[in-house]
Amino acid sequence: MLILGIDTSTDYLALSLLEDNLVKAEYNLSLKRQHSEKLLPLMEELFQTFAIKAQDLDAIAVSIGPGSFTGLRIAITTAKMLGRIFDIPVKGISTLEIMAAGQRADYILTMLDARRARVYYSFYSRKKADFKTDLEKKLNLKELYQASSIKIEQLAELLSAYKGEEILLLGDKTDKAAEILKRENFNVITADPENNYPRSAVLARLGRDYINLGQEDDIYQLKPAYLKKPQAELNWQQKYGG
Amino acid sequence: MTREELKFISSSAEQSIEFAKKIAAYLDPPSLILLKGELGSGKTLMAQGIASALGYEDEVTSPTFNLVQEYRAAQEIIHMDLYRLDKSEELIEIGFEDYLNRDAVILIEWPEIALSLIPADFIFIEIIKKTNDKREIIISGEGKKAERLVERLFKNVNSRD
Amino acid sequence: MNAKRNYKNKEDDIFILALESSCDETAASVNKNGLEVLANVVSSQVELHQKFGGVVPEIASRKHLELLLPVIDEALEKAGLEFRDLDAVAATYGPGLVGGLLVGLTAAKAIALSLEIPLIAVNHIAGHIYANFIDNPQIKKPLICLTISGGHTDLLYFEDLKGYEILGRTRDDAAGEAFDKIARYMGLGYPGGPAIEKAAVEGDPQAIDFPRAVMADNSFDFSFSGLKTAVMNYINNQKQKGKEIDQADLAASFQEAVVDSLSSKLLEAVKKYDIKSVVLSGGVAANKRLREVVEAELKEVEIEFYYPSLELCTDNAAMIGAVAYYQYLDRDFASLAISADPSLKL
């Protein structure tokens, strides 16, 4: 099974090729806002290097964010077209999950910068005892808190039930988050830079696993993860008038 | 907590534009600027002044109908007008949060409906129409960066007068 | 660095899939040899945006992403073709809203790479011009085209359909923009073209003598900012004097000044160049007074006159496919690295 992973959800343009258990190629290029110009040429180069054709692909894994909507639509549009033309399965995967699935730790908090002291986050367990469904058991991953956004300052409150556990922080703003959580006596660790972003090889592997479990997406419905309205935390209305 | 407020009286459109340019000079993007004021108070004029000081040479009009306009200058500028929105849920539809995450100078006219979704760190400009030409412009900053900007602007305005 | 793309010669039939997503219509078409339209599918999002009175960029982009596949499927089905039958894929790459443009352009790139066929990037304004030739393939050449819309005022010369020469363009506001601004100033609403036209019906076009721009260098360029200022000054002066303004006379006089500026330049160009026909394109081409004046003037000099049908006046992909065919013949293909250009000019 030959799987192409495509991710344009963050500053990284990420592209990978996975053949069964073999990572044949993995690009993770930190290219701010150039995804539209670079993605298709990079795919063409990848195909040429391995002397394969687009029609040789068996499946596509694509990141659905959170991230810049304009950026996300580049990879998703590409995945949809490949899926349609070659009639192959496509699976959309959360960027936060890609990060968590790439690391081993019992509890993992993945974050993406949402600016102005906020982060998009998701909280995962990789502890066997926590897994309930077949999917969780097979993927070795359970999402404890669904993706949302929060003020960094409020992370301690969010994770209060896990104060006794070791928590791995991944993604953006980990230093700031570690500082806040340590102040509240949390047991947190951070990752080295090469493990601290959504790796495209992990995306392709997750895609393979989901698709093998029959979890492919309908390409006609596939869209970015447009996050729901976050909690209003501050009542500016009172202060600035409405 | 008391808020630093800077009050400025403008007696003409030209003065308002000049004042907007001063604000622009202190911006350190990404920046979020909220413009409050009744119809015809000159919110778009302030947006024009800021955009032009940031190097955008074309015309700036109020995006009343498309809600969002993007201007490409040396610095990316996003200009919103939320007058036509009824519910804050509609902000999700127009990609409001996504715009807030951009590395840009973001100008928002009629920001009231979005206040509950706006995080810390913004510059709040309220324009009060005194007479046909005269305006009182009140500036305050929310968050350290914005407060510092208001302080510096305060010093600049006072030292020149 | 592009992989070899297989392309055919002119003698063969050439099938092009074209995509258009620059504003609020998601459209796909299949054209055979340029002007023969096998399928022209347009899925309008107008209702979604009506609530706001304008096109909201993010809402439009989301809708394009959702509608593009179904629209492509329908176009291929109507044309009775499969992806593998296509000789090239085309998409609008500007001008327009960048988020929407990127959906169509990225899809076209993915199709080009997948099928190993050429990618053709088309200018939306050129599309509107070529829409004329779909309706009237018999238009005699050489010809002059006047493109007038909210964003453009261009006078173009076509020897054949493979390219064009720009004779003149606006130095400031586009004609449609002038209509919009004055309509807003007069409180007539948006879009300004139809609003002014309606208000002008009962008015006297000679009531107020507004200036017509004269270019010092005798070029075919246009200018509307002087006229715009004159109208605004007129309104302000009347108000200051406490005089009532006759909206109908004002609208008619303004419209006459615009029509006069456009038609006189057009006629000068017609006289200078040895052409057989004149075509109009763009939203302002719908103005009846303009059509009337141009038609009468061209009749005198025995030049054929065309303007597009309403369905091809609005955004569609068939017009993009028509342009793409001539680019195909010229081997004017785009690289997969091409980006959308929201402010693309002709």
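Note: Cβ is positioned from N, Cα and C throughout, glycine not excepted.
Keep in mind the model is a prediction, meaning the values are calculated, not measured.
Residues annotated as Fe cation binding site in TrEMBL: C:HIS124, C:HIS128, C:ASP315. Summarising the annotation, TrEMBL assigns substrate binding site to C:THR147, C:ILE148, C:SER149, C:GLY150, C:GLY151, C:ASP180, C:GLY193, C:GLU197, C:ASN287. Residues or ranges marked as domain 'Gcp-like' by TrEMBL: C:36-321.
The subset of binding-site residues C:HIS128, C:THR147, C:SER149, C:GLY151, C:ASN287, C:ASP315 lying near chain A, with Cβ atoms under 8 Å apart, is empty.
Within the set C:THR147, C:ILE148, C:SER149, C:GLY150, C:GLY151, C:ASP180, C:GLY193, C:GLU197, C:ASN287 that the record links to substrate, no two Cα atoms are more than 19 Å apart, and one pair reaches that distance. With every protein chain in view, the residue among the binding-site residues C:GLY151, C:GLY193 whose Cβ has the most Cβ partners within 10 Å turns out to be C:GLY193. In this structure, C:SER149 is the one among the binding-site residues C:THR147, C:SER149 with the smallest number of other Cβ atoms inside 10 Å of its Cβ. DSSP classifies C:GLY193 (substrate binding site) as helix under the three-state reduction. Rounded to a whole number, the C-alpha distance linking C:SER149 (substrate binding site) with C:HIS128 (Fe cation binding site) is 10 angstrom. Predicted-model confidence for the domain 'Gcp-like' (C:36-321) is 91, expressed as mean pLDDT. The Cβ centroid of C:HIS124, C:HIS128, C:ASP315 marks the Fe cation site; residues of that chain outside this set whose Cβ lies within 8 Å of it are C:GLU20, C:SER22, C:CYS23, C:THR92, C:ILE125, C:GLY127, C:ALA131, C:ASN316, C:MET319, C:ILE320, given in sequence order.
Considering only the binding-site residues C:HIS124, C:HIS128, C:ASP315, the residues lying within 10 A of C:THR147 (substrate binding site) on a C-alpha to C-alpha basis are C:HIS128. The Cβ neighbour count for C:ASN287 (substrate binding site), using a 10 Å radius and every protein chain shown, is 26. Following the DSSP three-state reduction, the secondary structure of C:HIS124 (Fe cation binding site) is helix. With respect to Cβ neighbours within 10 Å, the binding-site residues C:HIS124, C:HIS128 differ, and C:HIS124 shows the lowest count.
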